[in-house]
Every structure is written in C-alpha cells, then in structure tokens.
Amino acid sequence: MQNKRQIYADRIVVKIGTSTLIRQNSKINLNVIKKLAKVLSSLKKDGKDVVLVSSGAIGVGMGVLGIDRRPVKISKQQAVAAVGQAELMQIYNEAFHEYGMSVAQMLITRDIIDYPESHTNVMNSFQELLSMDNAIPIVNENDTVTVSELDHHTKFGDNDQLSAIVTNLVDADLLIMLSDIDGFYSANPLKVPDAHLVSHIDTISPAIIAAAGGHGTKYGTGGMTTKLKAAERILKHNQQMVLTNGKDPDIIFNILSGDPVGTLFSTARE
Ligand code: ADP
C-alpha cells in the first residue's frame, strides 16, 4: 500500500459522468445515485460544502424516450436533454430526500465567464446555497440555451470542463471526477490491456495528452481529453482533482481519508 495522500477538502465538487450513471442497457443506475446521495449528504452533515455536477441528461432522456442512438441533430439532442434533465432531477430529489437534503438545480452557461453580471449572480447563488445546511446544488450545462455545445464544439463543451470551472468559481479545495474507469492510464486500457494506472500527475505534459485515447462507451462523451483539460484548469489554480471509478461512491470517503485511489492531479508532491 502506498503512503496516504495529503488531501485538504472542506469544499468539494463532485462530477459524475454519463458512463457511471447510465448502464450499457440504457437504464439509469439507481444504485449509484442512491449511494451518491447517501455519501454527499453525510459529507454535508459533517460540515463540508458540497456541489454535484451531473451529466447524464441526454442518456436519461434517451432511456425515457426509448431512443437507442444518441441523436446527431443539435436540436434533437437539446430536446432529449430537456426530457432527461427533468427526470434526472426527480430521481436525485427522491434520493437526497431520503437523507433530509433538498437539491437545487443550477443550469448554467458560458455567460458566467463572459458577463461579469452573470458571473456575480451565479457566485451569489452558490454562496447562498452553500451556506444552507440541507441543500445540495446540482449543476449541469443549460443544454437548451447553449447552441452547438452538446457535441463539444464550443463553450464549456462538456461537463468535465464545466466541473473544473465550477471548482475555480466556488474556490473549492478538491474536484472528484467519477468515471467508469479507475483513473488515468498510460494508454486507453480498452485498446492497450497492459496499460498501467498513473497515481499522481503534476503537469499535463504532451506525453500525458498523447496517452488520452478515444471515447469509452456509447454514452460517455469527452473521454480523457476533456478530463485532462479540466485537470489543467485545476492545476493552474493550485487546486486538487482526483479521477476515479464511480461505480461505488463510497470511494469518496477513501479519497478524503487520503487513500491513494485513482489518479491525483495536484502540483504538490505526494
Ligand atoms: P465519463 O462518462 O465518465 O465522462 P468517458 O466515457 O467520457 O467518461 O471517458 C472515460 C473513458 O475514457 C474510459 O472508459 C476509457 O475507455 C477512455 N480512455 C481513453 N484514454 C484513456 C486513458 N489514458 N486512461 C483511462 N481511460 C482512457
């Protein structure tokens, strides 16, 4: 067992990816959501500030509407996302209510970076919500407003980067990125079976970027490339990020207690 990590985390942003939320058979993974609600509620009750950034609106919408393949047309993606977002929030709401928590839906757009007034408004909303004992903000991109973003052409482009922007914005100590893979590997393990897990990354070097292979599942979107872009933002702000497998959200407790799970992105030496 490697040494314990130094993790400082009073304010935490957790991002959960589509490939963790949606099973291969298109059904939503309720177990993961229930467990996540339990873990995040418990952290909140321990006095931590918690923000959840959740993907999955399109995947959930596809399941609700009985669509097999992710639509190509942007307007169709937006419509499917709108259906899925409502369903997803209902599921989160029920799951968090079990633990006496309410969820606050925050749908945001690039405006928060480009327009100081929007930036201030979002900051103020976050501050108010974070000061409440029993509310958890759940953030997603406002898909029906953000034209041509859904396939990552412009703007935030994806929830990986959105989660890093939110981490910067609320000045969180740690971003935990839950995916369908145990961390960052020396190559895409789907293609290179003997690739090894990298435990700590302090710089996003060209060699690291080259090791980020293609997309994982039919639902997952950005693959490792967008996660590395997010990590770059985090490192630039001297914050920490841990990328790990979200299949059992209890892993969040391991991360916070310093267990060397997943890949830690931080400028500090381990
Ligand atoms: P999410 O839905 O959680 O955002 P994605 O499917 O977009 O997840 O990205 C995770 C996938 O990225 C992994 O399942 C894996 O197939 C792929 N991948 C590509 N390169 C790497 C790498 N170097 N290390 C780990 N995973 C990689």
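Cβ coordinates are placed from backbone N, Cα and C, and glycine is handled just like the others.
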Asp143, Asn159 bind substrate according to TrEMBL; which of Ser54, Ser55, Ser75, Ser205 goes with them?
Ser55
State the non-local partners of the transmembrane segment (50-67) in its own chain: residues 6+ outside its ends, Cβ under 8 Å from one of its Cβ atoms.
11-18, 21-22, 26-28, 36, 40, 43-44, 77, 79-85, 87-88, 91-92, 126, 130, 136-140, 143, 150, 159, 162-163, 166, 170, 172, 219, 221
Including all protein chains shown, what's the count of other C-beta atoms within 10 A of the C-beta of Asn159 (substrate binding site)?
26
Can you tell me which of Lys15, Asp143, Asn159, Met224, Thr226, our binding-site residues, come within under 6 Å of ligand 1 at the Cβ?
Met224
Between Asp180 (ATP binding site) and Asn159 (substrate binding site), find the distance joining the two CA atoms and give it rounded to the nearest Å.
15
